[in-house]
Amino acid sequence: MAANKNKGAKSKNPPLKKKQRNHLFTEKKRPTKKDEVFDDVSDGQSEEEQLEEAEDLLDGDEQVSDFDDASDISDDDDAPLADDFLQGSDDEDEDRGSGSTSGSGSDSDGTDIEEKSRAIDEQREREEEDAQAEMQLNIKEESDEFRLPTKEELEAEQQRPPDLANLQMRIKDIVRVLSNFKELRQEGNTRKDYVDQLKMDLGSYYGYNEFLIGVLVDMFPVVELMELIEAFEKPRPTCIRANTLRTRRRDLADTLSKRGVELDQLSKWSKVGLVVYNSHVPIGATPEYLAGFYYIQGASSFLPVMALAPQEKERVVDMAAAPGGKTTYVAALMKNSGLIFANEMKETRLKSLTANLHRMGVTNTIVCNYDGRELPKVLGQNSVDRVLLDAPCSGTGVITKDPSVKTSKSLDDIQKCAHLQKQLILAAIDMVDANSKTGGYIVYSTCSMMVPENEAVIDYALKKRDVKVVPCGLDFGCPGYIRFREHRFHTSLENTRRFYPHVHNMDGFFVAKLKKMSNTKKNLVSSDGSETVEQTQRPEEIHSDEDNKKEIEQQKIKKQSPKGKKKSLKAKGLSGNGKVESPPTLKNRDRSENGKVELAATSKKRKRKFPSKEEISKAREEKRKAMRGQKKQPKEDKTGI
């Protein structure tokens, strides 16, 4: 009967069931309001009274609410998943009324989920620990088990196409071993074995020839060497120099930024440089470029001119001027005053030089086409205040611009460049006047990193001329080498500066500044150990001395008797009638004490020691006094008669 009554209750109130379902679904969405409803109901009320009160409260909430979800869910055409969920909730309500068995089941389900989640977390932690331990084990095994390839393996590699991934891994392993050689080296292998293999792998991977990669390995530690080689593979930033003869850097930057050029100041050490990050227009075809407002120039090319520091109203020589970047910078610093000799030996490059000079508004420059070694004869010795020598070189510092240097340069090329550079720097020193009030400086620069082209050339100049190395005036840069392998250079070469791509983010460059102390030339050391010095004079002084000597000789010849004339002519190699006499035969040559003839090849060469300037002046005064005394004697004889 109780069961029938229950069935009847259920059949009499079917909407109550749907509203109960609606009540349960909305309870999931808004638990706070439902909790308030069921908390206010007392424990003594019946189930039907509780449902009726809940229905009244929920109907009031539905009128206030902005959402229509509850009315949609209460329809008969609801989704089956919602019905299943609601039916399950009905069963849960019935279970609540029947007893506490459902509560114990839900507790057991919660504990099972927590245990499963804990087990998953613990499993993840164990997997991470195992992976970390395996990675450390692999690192140890790789470091311990790395070995150099055998000859058979190398021969097999040469027959196959190059495996770049394998080469890169082996280069890294060799660098790691060489950086900690005592602990990581393999027994039976020397450092030379690892270095030789590194040279081979670097040459194969990056495309260098054996000579160049060998020189770089000797110059740098392995870690720094890798940074340098990687820097050569990346382009250097584009830089421009504002032409102060036509504009200011700030105005130029504003104008170019309006045209879509993204730029910024180059650095604190330059007042005219700008670095271009991105440009929506061709940077070499803007109206400002064509008008000469700026010059596209690498950051490293600023440095020699800054070291030279030309002053206004000076005489300056640029021995290798084309295409004109450094010459126009010198003219801008001099404010178009003074005089600049822009020399270029190659005639084909004169067009670009003159075009840039006109475009940049330079008016104090004379363009000439001479061999730099002959310039002292053309311009005169000791005739200028400053000389800039950006010497022709092998170009090993600008591999980024010219990758062909990797394979085209050899030891013979370096030696030829060094020989030419030594001749050019001596010519540059001879042109500079040591007595200049504002100048007397020579700046030598190259875009090479080879020691024979840089430090060796400066050391040679120190031995041949009376000059010294002075600071370049640059706050950054690496000091030059004092010792390199078996070579030892003068300690003042610390004042020279080297610039590297991986350190300064500019092309490889070398800059040295020399100060001429006196206008003398140092010759080779004689056999007795004394060093002879030759006094160099200005062209005007040389001509005047020659004229004085000729006048003195003519006066002597006039006063001499005919016999004396013949003797003087014979001494000069002339006969009495003025004809040139034939050279003496073997019979007339000098004989030694034992009477044997000494040939030119066997006779000892005696080096003539040139007199100093003071001795020459004293000799002139004595000759003048003697001539005056001879003039007075005829007058006294006439008066005595």
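In case you wondered, yes, glycine gets a Cβ from its N, Cα and C as well.
Pulled from TrEMBL, these are the features on record:
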type: REGION; residues: 1-163; note: region 'Disordered'
type: COMPBIAS; residues: 7-22; note: compositional bias 'Basic residues'
type: COMPBIAS; residues: 24-36; note: compositional bias 'Basic and acidic residues'
type: COMPBIAS; residues: 37-81; note: compositional bias 'Acidic residues'
type: COMPBIAS; residues: 98-108; note: compositional bias 'Low complexity'
type: COMPBIAS; residues: 113-126; note: compositional bias 'Basic and acidic residues'
type: COMPBIAS; residues: 139-160; note: compositional bias 'Basic and acidic residues'
type: DOMAIN; residues: 228-517; note: domain 'SAM-dependent MTase RsmB/NOP-type'
type: BINDING; residues: A320, A321, A322, P323, G324, G325, K326, E344, D371, D390; note: S-adenosyl-L-methionine binding site
type: ACT_SITE; residues: C447; note: active site, nucleophile
type: COMPBIAS; residues: 521-536; note: compositional bias 'Polar residues'
type: REGION; residues: 521-641; note: region 'Disordered'
type: COMPBIAS; residues: 537-556; note: compositional bias 'Basic and acidic residues'
type: COMPBIAS; residues: 557-570; note: compositional bias 'Basic residues'
type: COMPBIAS; residues: 587-596; note: compositional bias 'Basic and acidic residues'
type: COMPBIAS; residues: 611-624; note: compositional bias 'Basic and acidic residues'
_Counting across all protein chains present, how many other Cβ atoms fall within 10 Å of the Cβ of D371 (S-adenosyl-L-methionine binding site)?_
13
*Under a criterion of Cβ-Cβ distance under 8 Å and sequence separation of at least 6, what residues of the same chain contact A322 (S-adenosyl-L-methionine binding site)?*
E344, K346, R349, L350, S352, L353
*Only counting partners 6 or more residues apart, tell me which same-chain residues put their Cβ under 8 Å from the Cβ of G324 (S-adenosyl-L-methionine binding site).*
A342, S352, L353, A355, N356, L357, M360
*asked:* Cβ atoms within 10 Å, counted per site: which of A320, C447 has the most, among these recorded positions?
replied: C447
*Which residues does K326 (S-adenosyl-L-methionine binding site) neighbour through Cβ under 8 Å, counting only same-chain ones at least six apart?*
S301, P304, V305, D318, L388, D390
*Listed S-adenosyl-L-methionine-binding residues A320, A321, A322, P323, G324, G325, K326, E344, D371, D390 - what's their greatest C-alpha to C-alpha distance in Å?*
20
*About how far apart, in whole Å, are the alpha carbons (Cα) of D371 (S-adenosyl-L-methionine binding site) and the residue listed as 'active site, nucleophile'?*
20
_Cα distance (Å, whole number) from A320 (S-adenosyl-L-methionine binding site) to C447 (active site, nucleophile)_ = 13
